[in-house]
Amino acid sequence: MQLTGILASLLLASQTLALVRRGAPVDAPNALTCAFLIDFEQGVDGHALLNQHLAGKGVQWTERTSINNKFANFVSVQLVGDCQDADTIFAGLPRASSFSVVTTRPAPQPVISSAEVGQPISDEAYHSITGVNDARNKLGLTGKGITVAIIDSGIYYLHPALGGGIGKGFKVLGGYDLVGDDYSAANPVPVPDDDPIDNCSGNSHGTHVAGIVAADARNIVEPGFEPAVPFTGVAYEANLLAFRVFGCPADNTGTDIITAAIYRAADAGADIINLSLGGGPDYADEPDTIAASIVGKYGHIVLASAGNSGAKGLQVTGNPSNAQGGLSVASFDNTVTPLPYSLIDDQSYFYGLGQNNASFVEGQVLDIVVNDLTADDTDLQTDGATNLNPAAKGKALLLRWGSTTQGGSSKRCGYALAAGAAQCILYGNTDELVGIAGNKGLPSMFLSRAGGLALIAKIKAGGKPNFVFTTKQKPYPIPTAGTISSFSSPGLSLDLEIKPDFGGLGGQVYSTVSVHAAQVENYAVPYGSYSGTSMASPYSAGVTALLLQQRQARGIKFEEVRGYLQNTASPRNIFKSESFNSVAYQGAGLVNAFFAASTKSLVLPSAIALNDTENFKPATVLTIQNNDVEPVTYELSYLNAATVNGYLAGDDFTQDATTTTFTEDQHAQLSFSANSLTIAAGETARVTVQFTEGTALGPLPIYSGYIQISASNQADYPIHVPYAGVLGSYKSKPIWSRDSDSLYSRWGQPTGLPSVSTGLYADMDFNALTEGAVINATTGAGLLAVASSTTRGAFIEIIPQGLSKRSSSLEAAGFNTSAPIYIQLTDLIGEGNPVTAALFVPMQRHSYAGAAPAAPPNVWGFFGRAYNASGYAAALPQGEYKVKFTAVKNFCVLDSKNEADFDIILSPKFKLSTGEVEPSSSASSSTASSVATSTASSASSVATSGSSASTGTVVGSSASTGTAVATGSASTGTAVATGSAATGSAATGASTATVSSVDPSGSASVAPSASVAPSASASVAPTYVPVIIASPTYAAPPAPATPKPTNLYKSSAVSTVASAFAAFAGLALML
């Protein structure tokens, strides 16, 4: 593997070349090999310039895609041959302004309900909490005259609910296929054409998105297309444009393709552009994000899904939703969802089927045996573990659900299987339904608590219950209706801007799919229920269409559209709490179409980012515009939202959703230059808002709230302006993780590592590296580069010491000692042990479990190799070295000349040996193998990033025991190599106590007690015991320590969008 030949210019060639390089490096993990996007000056022929320039360089190329309109002029190319030295290849390209590596974007993966959950709810219920019904009934708004572009997998426009055709006179006016059917991750070669139809992707994502915006499924008479209940999209008379950026596999696309689609959509006249794709955490400097802001300046409103990485914790909103000139959309849970029910003595009770075995038959009568009639009375958590009812053989055994630490559905139904039962029925220990995997050995079901108690009551009374299985459905009120979906990615942005901007309905949204997708998903008709921010974004796009129709203002400014939507959104409470959810999670709140379209006031700015303590913005001037025909009096006040605590005392790792907490403290204080004012008709006035920060009671809490402005002409709905900030120094937050008990217990220990601190270790057993120790390049040494925060760039270089530095041995070996020498890393657990250069631009933060984004750390090996002056990996000569870990701090840039802008760790000095394996190192390979095996096993049992499952909140022993990584001063870059195994262990007690005290039950009444007292450790003993009002996952109270994945759902194991349907969607797999 060759690395770029001018590694010394890693910090972007823009320092020396007129052609600015943006974004990721050539070797970025998600970089598309040898694909580049080159921006040109407006009006020039980029193709001709490229052809002439690359011919002169002897480089062959083909075009991927291109744009030349009033918005942009770029050509995306695929180079043939060696393309690592891109800076040199494109240097001197005339009339070019910048170039960037094309990176890939995975296709969105919505949560898809099974065929049994296909029936929609009426528009009256579906659109009730978003003001859409009122916008239709009171204002007559339908989206007529507004055009919405859908950038996605294409649209099955032959669907009668979407107009049945394409072109003039149809709902879908046109569009473009930028990739062709065969485009995929394995075949990233665009073959564009003029037909954006999708009748080949597995889930028909784009068609589902299009239907949420503008479907009209009333009066459908075409056979095979009649929905169970007629319904409409939000703006059912809006027109659509389809821009296809995914092929039939729908697994991957490029940022150049997405960028081109945005510019094409704007050029085609789209008023609104929806992108239900992307994922973070990302910085807003990629081409598609820049494109969203550019077209936004021209009045083309871009909405994009915030992402479905809510399980990963704070600051994971993705691109292109992070665009400052675009709108990032969070997901709120819907009001109702259709669920199947069975009959117990002619009364209906909801249930969910196990995914591993759902072999019940319509009309089947189940012969019920209750395992323990007293299990509910005694709150038994282990029903069936030791008390199996011998009468269960051949019957349907009823077992009480309990703590997942005592076993999930597979284990519990395994008890029934062992008893010889014919079916397993688990009944709830709370009033919520839980999605289950069940047991493959017998049909499994989760029955509502009410149903289980009805069966028990009948048997206790001496009767025999009549249980009839049916697949009939009726509306199930979602307990979490109107609250943030737990899968929804929270902000703030990585630069502490307010993202998401607001939210729409994204949980259990019924819409159109293609005929092919219906066959794949086993739907009787081409309609289905999906969940995700991919659904919330088009819902909000439909609301935006109603707003634009009402305002009848072509070319309305982006800031005004955002203002109307944010001013009138409804801030929502945390589930089962009186506290408003954080702005970091919901932005301005749930959109309201009627309020946005009918308000006669506009307040700008519509959101206020207060930054961190070092960059605190203490005053903001609000401009209040009265668009009414009469004077309006405005009363100003403010509402505090819950503070989000994403870090634990003594633990530098970002917590995930299971251990992040909400508290009612650390709020800002606000005052106004005028608490009340009257503004004449058609006039504006300014009010200065003064902010005073609260006192931080923990590391970097995010505080937020809402300025509330009550207008005399709209008493029913006050205006809200969200604000948010961070207490503490965001720049000083370590990028490299040095000390994390939580990471050790939840990832390191299960993986088999004795330490999880960033640094170079002595050997493959990950023993501490001490000053002067010998590292054998043959057997290698372990290395961890753990990112506790996302950074614009990170790299690891070898630093020669002593005689090695002054000798010519490195130069003789081909290394350039006047430039950084980046080491080669070997992935010890990846298949085939792939190697990579130790540079990551950008570097996403790590998490405890799951897949990217925010994946767990890599376990690296260092075998004495680095990249030479020619860009190739070569063996380092024997000698004395240190390894330097460098990461760009928050708020800082990659090409900074100030060392204080980098988080630096310098290893102890060591001697690199290239000799034979020493006896003391003989166990290294087996230890590394053990780590790999442990990690692979662990990885197989955790959910991917699209899942709502995650690891538990277990806290084990100190994460820092045995750590020998020397931590230097981040401000000066100097390092103190202690070599002490105790370097990061002082926080163990406090960190452990803090984590174990978390009560994420969702209750607002959790009071501090002796059980949450901090450790007595003097070094980090906190002075504050938080009163935790909720956890963003609203999970059941933490149970005894266990490495098994735990439930991530709201309030006593209820899922996002009320895990009632999660059994079918595959979210809550209680294994």
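Backbone N, Cα and C atoms are what each Cβ position is placed from, and that goes for glycine too.
Since the structure is predicted, the reported quantities are computational estimates derived from the model, not experimental observations.
As written in TrEMBL, here are the features:
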type	residues	note
ACT_SITE	Asp152	active site, charge relay system
ACT_SITE	His205	active site, charge relay system
ACT_SITE	Ser534	active site, charge relay system
DOMAIN	143-572	domain 'Peptidase S8/S53'
DOMAIN	608-723	domain 'C5a peptidase/Subtilisin-like protease SBT2-like Fn3-like'
SIGNAL	1-18	signal peptide
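The structure, with features from TrEMBL marked on it.
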| residue | record | Cβ neighbours (10 Å) |
| --- | --- | --- |
| Asp152 | active site, charge relay system | 32 |
| His205 | active site, charge relay system | 30 |
| Ser534 | active site, charge relay system | 32 |
| query | Could you state the CA-to-CA distance between Ser534 (active site, charge relay system) and Asp152 (active site, charge relay system) to the nearest Å? | reply | 10
| field | Length of the line joining the Cα atoms of Asp152 (active site, charge relay system) and His205 (active site, charge relay system), in Å | value | 7
